[in-house]
Amino acid sequence: MDAKFLAASEKHPIVEGHVFQYGTAGFRMKADLLDGVTFRVGLLAGLRSRKLNSTIGIMITASHNPFPDNGVKVVDPSGDMLEQEWEAFATQLVNAKSHDDLLKTYKELASKLKIDLGAPGDVIYARDTRPSGRKLVAALSDAFEATDTPYHDCGILTTPQLHYMTRCINTSGTPQAYGEPTEEGYYKKFADAFVKALKGRKVQGDLIVDCSNGVGGPKLSQFLKHVPRDKTGFKVKIVNDDVLRPELLNQESGADFVKTKQRAPPSPKPVPGARYCSFDGDADRLIYYWTDPDTGFFMLDGDRISSLAASFIADLVRSAGLDQELRIGVVQTAYANGASTNYIEKHLQLPVVCTPTGVKHLHHAAMKFDIGCYFEANGHGTVLFSIDARRAFRDTEPQSPAQKDALDTLAAVSDLVNQTVGDALSDMLLVEVILAHKKWSLKDWATTYTDLPNRLVKVEVANKDAFTTYDAERRLENPPGLQDKIDECVKKYTNGRAFARASGTENACRVYAEAATRSEADELAARVAEYVNQYGS
Ligand code: G16
């Protein structure tokens, strides 16, 4: 095996002079740095699958990043993100200096983790529409061939579809079987659940879906073929779905653009009053919005989706008579608008937990509830239902038609929401179901609470790793003295709140600020960004 291993490794050298780190969503950087990294992630996935005797997933995507970037991340057997302890092993393998070092590190890891290298492994992988993905999947297959690891190339998929497939394969034939492990199976599962969850209601109004010129466009179009329009009333127009010109990916479109710029994509020209939503480049984030003829652009972001879902599900749980039995909670990050946290805690009377950025952190916190609703403000999230919750929806004997209705709807909703990771397509269906049940327009949804004006700014710094945080990324530990400056500054603004943190997916720091008025939020963000600039140069 050694000769085969070394020969394959030589085909995929690591670019020298870089220290690679498994970040918020795996390794993400300029695609031309990734060949050797991807080969080594393939080795790691093989080890993990042998260790757990399960199928491991790998997704090649850089999601919201510009098209010259790409990334690679590992998906665990139940479809969630790679266990954190293994992120360190991935970082170790990827940073091995020479081919011999790599082989040595690989064997040492196998022996330390008591992995039988002769055990059967299994890895599946997919990529988004970035042209660089083709070369990177070749690096993966070389890693599997070199280590005799069985593998399967799932082609081009959205990130949540790959997570779905991984879970389906690993749960197949068990009581927790998640579905058919094919793209077709994915469409059927969510289309069926959509019809069931609507319970005869119809979606009101057409929806224009901006797909960021990414993989979500063709996949949504496939999905819609499975949705009976007469039964659901679901009429969708897909825009920004050009995947043939790669340079258009995430350009002036998509969920990240809408959230950070706080405006609709310029193209196609927004139609006042029409209902819109945006996916990001790999279709795991979702943002809704409309342009009001009188008041202008209004955005319904991850915080809004989270509070809408939590409120709807909590009402159903009460109507189902399960409120004493099931614990519902909401998980957010420091980016959550203070008004949303207040609404969820005070009005919905639900507990809110704050974690660091990255769905991997939110997902684990959400699993501690029977029903855990987690969304990042950027539109990335889902709702997790525990085995007990799903059993209660199925096995509770209804005592009234209203209780039966609530139980059936909860069961359908728990099938409708992708249980593996945030999924723009599945989340969009959830929003549509809730709006149809409540007979709400986007404007009705928007009136639930008033956001504090906020601003998110990206600051390029010489070394983003010099910025370390604590308290769920709400405070800076380093560079020394910077947090004091931010604290002093925040005090001057009514309802002011601000923080800075290093991005785990881009070479930059992010600054978030909110305050009582638009101009104060903008000013606070600009001041904190200026400090970050000073301390980071
Ligand atoms: C990824 C993560 C998200 C995170 C985002 C930005 O999203 O999956 O959890 O919020 O990056 O992270 P950071 O601020 O550390 O750059 P995506 O959609 O790009 O995969």
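Even glycines carry a Cβ here, placed using N, Cα and C.
Per TrEMBL, the features are as follows:
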type	residues	note
DOMAIN	50-91	domain 'Alpha-D-phosphohexomutase alpha/beta/alpha'
ACT_SITE	Ser63	active site, phosphoserine intermediate
BINDING	Ser63, Asp280, Asp282, Asp284	Mg(2+) binding site
DOMAIN	182-286	domain 'Phosphoacetylglucosamine mutase AMG1'
DOMAIN	301-440	domain 'Phosphoacetylglucosamine mutase AMG1'
BINDING	Glu376, Ala377, Asn378, Arg501, Ala502, Ser503, Gly504, Thr505, Arg510	substrate binding site
DOMAIN	456-530	domain 'Alpha-D-phosphohexomutase C-terminal'
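Mapped onto this structure are the features recorded in TrEMBL.
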residue : record                                  : DSSP class
Ser63   : active site, phosphoserine intermediate : coil
Asp280  : Mg(2+) binding site                     : coil
Glu376  : substrate binding site                  : coil
Ala502  : substrate binding site                  : strand
Arg510  : substrate binding site                  : strand
Across the domain 'Alpha-D-phosphohexomutase C-terminal' (456-530), the model's average pLDDT, rounded to a whole number, is 95
Taking all protein chains shown into account, the Cβ-based neighbour count within 10 Å for Asp282 (Mg(2+) binding site) is 33
For Asn378 (substrate binding site), the closest of the recorded positions by C-alpha position, picking from Ser63, Asp282, Asp284, is Asp284
Tertiary contacts of the domain 'Alpha-D-phosphohexomutase alpha/beta/alpha' (50-91), defined by C-beta under 8 angstroms and 6+ residue spacing from its ends, are 20-22, 25-31, 34, 37-38, 40-42, 44, 109, 113-117, 119-128, 130, 132-133, 136-137, 140, 149, 157, 159, 162-167, 169-171, 178, 212, 246-251, 254-256, 280-282, 284-285, 358-360, 363-364, 419-421, 505-506
Smallest Cα-Cα separation from Asp280 (Mg(2+) binding site) among the recorded positions Ser63, Glu376, Arg510 is shown by Ser63
Of the recorded positions listed (Ser63, Asn378), the greatest number of other CB atoms within 10 A surrounds the CB of Ser63
The answer for which recorded positions (Ser63, Glu376, Asn378, Ala502, Gly504) have a CB under 6 A from ligand 1 is Ser63, Glu376, Asn378, Gly504
CA pair Asp284 (Mg(2+) binding site) / Ser63 (active site, phosphoserine intermediate), Å rounded to integer, equals 8
Note: in the chain of Arg510 (substrate binding site), residues six or more apart in sequence with C-beta under 8 angstroms of its C-beta are Leu456, Val457, Lys458, Val459, Ala500, Arg501, Ala502, Ser503
Expressed in Å to no decimal places, the gap between the Cα atoms of Ser63 (active site, phosphoserine intermediate) and Asp282 (Mg(2+) binding site) is 5
